[in-house]
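Annotated active site, proton donor per TrEMBL: Tyr147, in sequence order. As annotated by TrEMBL, active site, proton acceptor applies to Phe430. Taken from TrEMBL, the feature acetyl-CoA binding site covers Val106, Thr107, Val108, Arg114, Arg115, Gly116, Ile117, Leu118, Arg119, Ser142, Glu143. Sequence annotations record features per position, and here TrEMBL assigns domain 'Eis-like acetyltransferase' to 204-323. Per TrEMBL, the feature domain 'Enhanced intracellular survival protein' maps to 328-423.
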Amino acid sequence: MSTSTHSLDFRTFQAAITGDTPDASTAGWLEAEFLGFHGRKPTPTHAASVARNIIDDGQALTGVYDTDVPTHSLRPDIPVATFSSFEKPLTVSPGVQMLAHLISSVTVRATHRRRGILRRMMTDDLARAAEAGLAVAALTASEASIYRRFGFGAATWVHDLAVDTDSRFALTTTPGGYCSLVDPHDIPAIAPAVFDAFHVAQPGSIGRHAQYADRISGRMTEEGEEDRARRAAVHYSDVGDVDGYVTYRFSGWESKPHSIEVTDLVAASRDAYLALWQYLASIDLSTRVTFSSGAPDDALRWALVDPRVLTVTNIEDRIWLRILDPIAAFTARTYGDEGSVSFRVTDSLGFAAGSFRLSTEAGAGQLERLASGSVDIEMDAWVLGALYLGGADARVAAAAGALREVTPGAATTMQRLLAPAVPVYSNTSF
């Protein structure tokens, strides 16, 4: 599909590869995407690997091409902007998933800013997703100031953790099962079953794209090289099942303190999670473990004899959600309390605009559209996306002026109804 605006040609296509060679459109798109995120120009081997993963995910690629480039400029087959989208399951409540429309690889070349390129790519893509019947769109943002204007709100967060593993590290209980080192190249075969068990039970979790196997195992890094320093361990339950894994690397002898850097840690049980941390803390010749995807309500802090050995060094948003079909989205998830609240959504793109009443009973919710009349709360579409899973607090949003209470106490009611059964968290980026 191709449409043009003056000298800009917007094309949406599927990646293609023959043998080990991506076709010209895919190769040019990849070169632009790597350029946009300051990556090295991909080697043919790296480009082929990334293209295969894109194909496996069924990603739709959008490139914007300047058809009138000056002499010595980059070739016109290298787009000035990139965009991709695909679908993965989002866990909206424990045991409840819905297909989400994921947006990634968003770049616009510095020479082509402020021409409406991003808005065009985003609005066209969201319109296609809504027309396809998808109720929620999601992304992870490299810049936090961009996406509210398109109706996205930050719905999950992660903490960067630094855990001192000197003599002060000890757990209050002894987790069951045991850990064992494995070849990191075996992780792509081990990880999917463990992640799926974690994913279906964890509100906020997003299904992983195909490239994750390369990243977490060190088989091929984002620079297109094997990470030969990558290590891996798994946790076996008391009955011998693998229910957790961790991949990591040593930070280097020049680092102070000597540290273990966790790449990925996924556990489908409490014992697995704590045992993997105990294993990491036991590694010789290091006195700190760092992890950049810790849960905001991390169980490790509660399990430590001295909780001060765990420090949060950074807090960052992870999953941004955009509601495309409010009725389908709010009906899909479960609820832990009963009641009702009405709200009006302002949405410049129209997808979530309108007045609604949320009613919950016996764990189920019903969202009905209201034709007229007053409501309890007024908010923009991005606030609705942030609140949807219950990880963002409606009362805090009200205190910040992000939503307006028409009925006093309505934000408290909304938070009570939306509060998740399990704290919201996602350990996946895309």
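Including glycine, each Cβ sits where the backbone N, Cα and C put it.
Put simply, Val106 is the one of the recorded positions Val106, Arg115, Ile117, Phe430 whose Cα lies nearest to the Cα of the residue listed as 'active site, proton donor'. Taking Cβ-Cβ distances under 8 Å and a sequence separation of 6 or more, the neighbours of Arg115 (acetyl-CoA binding site) in its chain are Leu8. The distance from the Cα of Ile117 (acetyl-CoA binding site) to the Cα of the residue listed as 'active site, proton acceptor' comes to 21 Å. The binding residues for acetyl-CoA are recorded as Val106, Thr107, Val108, Arg114, Arg115, Gly116, Ile117, Leu118, Arg119, Ser142, Glu143; their greatest pairwise CA distance is 20 Å. In this view, the densest Cβ surroundings among the binding-site residues Val106, Val108, Ile117 belong to Val106, judged by other Cβ atoms lying within 10 Å. As a whole-number mean, the pLDDT of the domain 'Enhanced intracellular survival protein' (328-423) in this prediction is 98. Over all protein chains present, the Cβ of Glu143 (acetyl-CoA binding site) has 7 other Cβ atoms lying within 10 Å. Non-local contacts of the residue listed as 'active site, proton acceptor' by the CB criterion (under 8 A, 6+ apart in sequence, same chain) comprise Lys88, Leu102, Ser104, Leu139, Thr140, Ile206, Arg208, His209. Sequence-distant contacts of Arg119 (acetyl-CoA binding site), defined by Cβ-Cβ distance under 8 angstroms and a gap of at least six in the same chain, are Phe150.
Other C-beta atoms found within 10 angstroms of the C-beta of Tyr147 (active site, proton donor) number 23, with every protein chain shown included.
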